[in-house]
Every structure is written in C-alpha cells, then in structure tokens.
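Visitor: The structure's right below; bear with me while I get my questions together.
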Amino acid sequence: MSAFAPRPVPVALIGLGGVGKAILSQLLSPPLNSRFNLILIANSRQSISLPLPGGQITPTNYLPILEQHGTPLDIQSILSLLSPSETSGAGIFIDSTGSDLIPSIYPQILGMGINIVTPNKKGTSSALSLYNDIKSKTYPNTPTLYYGESTVGAGLPILSSLKDLVETGDEIYKIEGVFSGTLSYIFNEFSKVEGGDVKFSEVVKVAKDKGYTEPDPRDDLSGTDVARKLTILSRLIPTSPALSEGYASVPTESLVPQVLSNASTKEEYLERLAEGDEYFDKLREEARKEGKVVRYVGVIDLKEGKVECKLGKYPTDHAFATALKGSDNIISFTTKRYSPRPLIIQGAGAGADVTAMGVTSDLLKIHERLTTRF
C-alpha cells in the first residue's frame, strides 16, 4: 500500500438551504471528511471560518453557531482563502445558492485558479456570453475545473452521460424527457394510465403541501426550470442551436392558463387555482380519447434544429407514461449508436440528498485530478 496520503482539498460551501445542508452533512461524514478540508460555510448573510476554536460544526448545530459567531458575507475574502499559493493547492468553491449574482462572477473565480462545483443552473443556462466566458477559463483551456452535474437531474448521471456520448464520437439525434420533478409528480397524479378525474388544482395544492413546488407554484408551472436544463444540455452538443439568450431563447409552454394570467400574487393565484381546471380537464380528455396521457417534456431535436418545452401526449404503454413514479425524472437519448432503442436514464430527479450527492461526486472528480501524481 502506498505511503502517499493526499492532503485534503480545501473547500468553501456557500448556500445552506435544503441542498446546502445535505452537502454539509455529506462533507462532514466518512468517507468524504478525510478527503476535503471544509474551511468555511456561509449563507446569504453570514460566513464562518472553520475549524472552530472551541468545538466542531455539525449539520444540527451550524445555524446557531453561524448566527452567533458569523461575520458579514464577503465573497472576495472567501476567494482569497481558496486561491492557490506556495503552501496550498487550489481550493473548491461550492455554490449551493439560487443566486444570480454569484454565477455572474464564475469567470473571475475560475480566473483566480479556484475550481467550482455547483447545482446552480444560472451560470450555464443564461446568456451565451457568460457561458463562453466560463468555458474559456476552465479545462482544457486552463487547468481549472468546473462541474455542474447536479444542475440537471440532481444526482442522475445525465450531463456526464451526454459528455461521454459526444466525446466518444456518437451523433446525437434527439434528447427528450421529463426533466422537472415537480411537473413529473403533478402529471403522474393528474393524467394516469388507469384514468381518473382528480382536478389539476387539487394536485398542485398537494404538490405544494409535500414541498415539491416552489413557494409560488407558478415558478414551476412557467416551465423556466425545464428550459434552463435544456439549455445546459444543448450547449454540450456541438451541432445544437446557439441559444444566445440561454433559457430565454427556448420556446416554453407555460402551464399557467390564460384565465389565471392576471393573478398578481401567489396568494391570489392559489385562491383562484380551480379556475384553470376546465382547461386542463379538456387536455386530459383529448389525450384519453387517443389512448394517451399528458406529460410536460423538454425536447432537443437535432434533426429539426429545435429546442422546446411543451405539453406532450404519449401512448399509455410509453415509458413516460408507465415508468415514472412520484417526482422521478426520465431522459431518453436517441443517437447513432442508441437507435432505434434509446439510452434511457431514470430515477429521483429532485430532493436534497440526491442533489447533494451529485455535488459531492463532482467534488471527488476534482479531488482525483488535484491529488493524482503522475
């Protein structure tokens, strides 16, 4: 057995919501706690450097400690702790926020030689200029690494599988899938293979109560989250449309019916939700008459040159109709090699623990790169 034991890689975690807390828990537990040195945690207001002088941080005590001993959040100071120096190697910046601001400075962070791992979609799904700036400052253009596996499909190997297909010379024909855990749950319950007459408004309210939706369900029903995921995938395919404005360039069908478009607050929207039931009842009935179910899907069709988010109707024996449970994601890759039977990846596409696993598995990829001796 080799006597060489790599030095733990320094890591700072920004964002301590549900996913951030799960990342923290995994980083503090075996086997990851021997591979990474967590030097700082922060929420949107405060940060605290680690280790603590008088004790240990845990997933249960971090919040009161942060509130009591934290200092005002200063991103530039955090970056100075992670910058490579003569005495320490490059660190890793974990952005577990939903911020727009932090992704806008990814090029600066990467330019300082600091690696990034993130479940935040906004850096790679916004304007093409920001995406290109990020790419120009990462491997293979520089030694610095950026990973965002968990931006699509939580912990499912969606991005890594697509990269493998592209980088081994396969030709992508079409990517199609149910990319939103929230919308997966809603339509799995609303439009079942065996039928049923549950109201759309009732399903949305249950989904909200279960914590599947954002506080304002319109944020999920707008389709924007799916459009961001399609943008991220599309940009990994050399022959895909440019999408110069990112997700805003993707034609996206909203699930907020016209009758509710004038609701000015989330409270008003939720109170009036049943006003949209007639619209969705008609959609379901049309599909039922054709022997189909309704699903909200994202499609990248390279032959047609299309990227779009839309409601689709699928036969009751189709995988999108039969294979999904709860808030599962399912993504189908039709390629030159995987044709006519596509490569299908399916599983939990939402949830703090699986999303955190997508982040920590990316951390391990960087750890291997940084600590391998040739």
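Going from the start of the chain as shown, residues are counted 1 onward.
Using N, Cα and C of the backbone, Cβ positions are placed for all residues, glycine too.
Just so you know, TrEMBL annotations are computer predictions that nobody has curated.
Checked TrEMBL, it gives:
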ACT_SITE  Lys229  active site, proton donor
BINDING   Gly15, Leu16, Gly17, Gly18, Val19, Gly20  NADP(+) binding site
BINDING   Thr97, Lys121  NADPH binding site
BINDING   Glu214  L-homoserine binding site
DOMAIN    15-135  domain 'Aspartate/homoserine dehydrogenase NAD-binding'
DOMAIN    157-364  domain 'Homoserine dehydrogenase catalytic'
Visitor: Given the recorded positions Thr97, Lys121, Glu214, Lys229, which lie close to Gly15 (NADP(+) binding site), meaning Cα to Cα within 10 A?
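Guide: Cα filter at 10 Å returns Thr97.
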Visitor: Listed binding-site residues are Leu16, Gly17, Gly18, Gly20, Glu214; which of them have CA atoms within 10 A of the CA of Lys121 (NADPH binding site)?
Guide: none
Visitor: Cα-Cα, whole number of Å: Gly17 (NADP(+) binding site) versus Thr97 (NADPH binding site)?
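Guide: For Gly17 (NADP(+) binding site) versus Thr97 (NADPH binding site), the Cα atoms are 8 Å apart.
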Visitor: Please name which of the binding-site residues listed here, Leu16, Gly18, Val19, Gly20, is nearest in space to Lys229 (active site, proton donor), Cα against Cα.
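Guide: Going through Leu16, Gly18, Val19, Gly20 one by one, the closest to Lys229 (active site, proton donor) is Val19.
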Visitor: Within 10 Å of its Cβ, which one of these binding-site residues (Leu16, Val19) has the largest number of other Cβ atoms?
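Guide: Of Leu16, Val19, the one with the most crowded Cβ is Val19.
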Visitor: Does the residue listed as 'L-homoserine binding site' have same-chain partners at least 6 apart in sequence with Cβ under 8 Å from its own Cβ, and which are they?
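Guide: Looking at Cβ-Cβ distances below 8 Å from the residue listed as 'L-homoserine binding site', excluding near sequence neighbours, one finds Thr182, Asp220.
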Visitor: Take the mean position of the Cβ atoms of Gly15, Leu16, Gly17, Gly18, Val19, Gly20, the recorded NADP(+) site. Which other residues of that chain put their Cβ within 8 Å of it?
Guide: Lys21, Ala22, Ile23, Ser96, Thr97, Ala352
Visitor: Between 0 and 100, where does the mean pLDDT of the domain 'Homoserine dehydrogenase catalytic' (157-364) sit?
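Guide: On average, pLDDT over the domain 'Homoserine dehydrogenase catalytic' (157-364) sits at 95.
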